[in-house]
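What TrEMBL records for this protein:
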type	residues	note
BINDING	C419, C423, H455, C458	Zn(2+) 1 binding site
BINDING	C446, H452, C478, H481	Zn(2+) 2 binding site
DOMAIN	414-491	domain 'Recombination activating protein 2 PHD'
Amino acid sequence: MLLQVVSTISNSSLLQPGFSLLNFDGHVFLFGQKGWPKRSCPTGVFLLDFKQNELKMKPATFSKDSCYLPPLRYPALCTFQGSAESDEDQYIIHGGKTPNNDLSDKIYLMSLVSKTSKKTTFQCIEKDLGGDVPQARYGHTINIVYSRGKSVSVLFGGRTYTPLAQRTTENWNSVVDCVPSVFLIDFEFGCCTSYMLPELQDGLAFHVSLARNDMVYILGGHSLQNNTRAPSLYRLKIDLPLGSPSVTCSILPGGISVSSAIVTQTSDTEFVLVGGYQSDNQKRLACNTIVLEDGRIEIIERASPDWTPDIKHCRIWFGCDMGKGSVLLGIPGASKQLVSDANYFYILRCKGAEDKEEEVTAQICSQTLTEDLGDSTPFEDSEEFCFSAEASSFDIDENDTYNEDDEEDESETGYWITCSASCKVDINTWVPFYSTELNKPAMILCSNGAGHWVHAQCMDLSESMLLHLSEANVKYFCNEHVDLNKGLQTPQKLAQLKKQPMKPLRKKAAMKLTTPVKKSFLRRLFD
């Protein structure tokens, strides 16, 4: 195994934990980076050009019939052959974190339309699904299996946010493990079916999955509920008869306690597992060879590369499979650097990577080499756009046009937003304001229109009032919309009862009154 240093570039800050790499015909593309310069590259997809150990990034374009694709981080993706007539592979992309830290439940198909020396064009299509549609999540995997001449996608694991109905001020931004359901997705008919298997007890986020023919192997993963990385190894067998599919699960021995590892394929049946985490504070520097053959799996420990001192001593690392037995690794840069979020990058070339590539039916799917470590690391998972590259630093086709309407998804609310004109929250200097805050600023939902999140601190809400509103079943309107919804203010104002004015007493009626009665009545009437 050969570890090679990649020269840093001015735009390397775009590569942050959670990115994905797509390999089309040997060309590697970056997807899901942080702080993408959307004015320079509306698609957010870049060709990674490695020449003489130097990394350059060239923006790619989408065809006119493509849908909007946000730069998702920690999605599940795998390759998929669209039809028997076409040899070209497509990428399936599901879930992930949106630019504003919300979660996506959408699924996309991305294919290469054309590539020249100056321009690469992709087509991206959003697929409509029915049935048991998987909920929004990240840190999960998706694979393709083949049985009886048919194919189906298998989705499993991941993490999601606490449902809105269960959120309080204390846990409104909490992350939970997904229910350990196995989803089969049929792209031909656009339907999903979920299966609950007794062998699977945890959602196992940031696990590794490998698929070959009609079997999927699930290795490692992290359980938030138990805070464990159990040495688990499961085998899912998918049978696709003419009727309903059949899914069975077996627990196998010889698993590995690891999360967020990367798997790269080196031959028809051989894969290499790199890195990951053994615990919250300990990286896994060991490597393994994984062999899938004749319906069985074999995991063998292998010699590790000569890790540099920087890699050995850093707390976190991240990366992704580049294809053809190569892995792109990144570690945080030194704090003394002028650019605070700059990173160092390496390419790990595994043995057999130079061999002639063979056509195989094996699929691999692993998460990028860092799980969501939260605010305990310098790499905050918030995603307010910070343009770290100038437009002039990219080669732009002058004929490319920018359609601002395509970015409607960026309006989805998240933790680090400008919630109002007087918003006080700065992602660089934010400190807890309420005693109930843990890692993110407390927010409250404004019920105006479709609803939107605002920071409780910016709305000048006291902590007692915030707790009351989070527990009470009332509507809240932010400072900018409260005047538009006076009838629904929180707390709602009680309407004053209108008093009917008394009709003046006619003169004739007053004369009929006896003198004592008339005097007392008129006194009370005009007093």
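Using the three backbone atoms N, Cα and C, a Cβ is placed for every residue, glycine included.
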Euclidean distance between Cα atoms of C478 (Zn(2+) 2 binding site) and C423 (Zn(2+) 1 binding site), Å: 12
Let me check the 10 A CB neighbour count of H455 (Zn(2+) 1 binding site). How many other CB atoms are there? 23
Sequence-distant neighbours of C419 (Zn(2+) 1 binding site) in its chain (C-beta under 8 A, six or more apart): V425, M443, H452, W453, V454, H455, C458, C478
Same-chain neighbours of the Zn(2+) 1 site, Cβ within 8 Å of the mean position of the Cβ atoms of C419, C423, H455, C458 and not counting those residues, run in sequence order as I417, T418, S420, S422, K424, V425, V454, Q457, M459
For the domain 'Recombination activating protein 2 PHD' (414-491), would you mind checking the mean pLDDT of the predicted model? 78
Residues in the domain 'Recombination activating protein 2 PHD' (414-491) per DSSP class, helix first, strand next, coil last, are 15 helix, 8 strand, 55 coil
Suppose the Zn(2+) 2 site is C446, H452, C478, H481. Which further residues of the same chain have a Cβ inside 8 angstroms of that site's Cβ centroid? L445, S447, N448, G451, V454, Y476, F477, E480
Around the Cβ of H452 (Zn(2+) 2 binding site), how many other Cβ atoms lie within 10 Å? Please give the count over every shown protein chain. 17
Within 10 Å of each Cβ, count the other Cβ atoms, then let me know which of the binding-site residues C423, C446, C458, C478 comes out lowest. C423
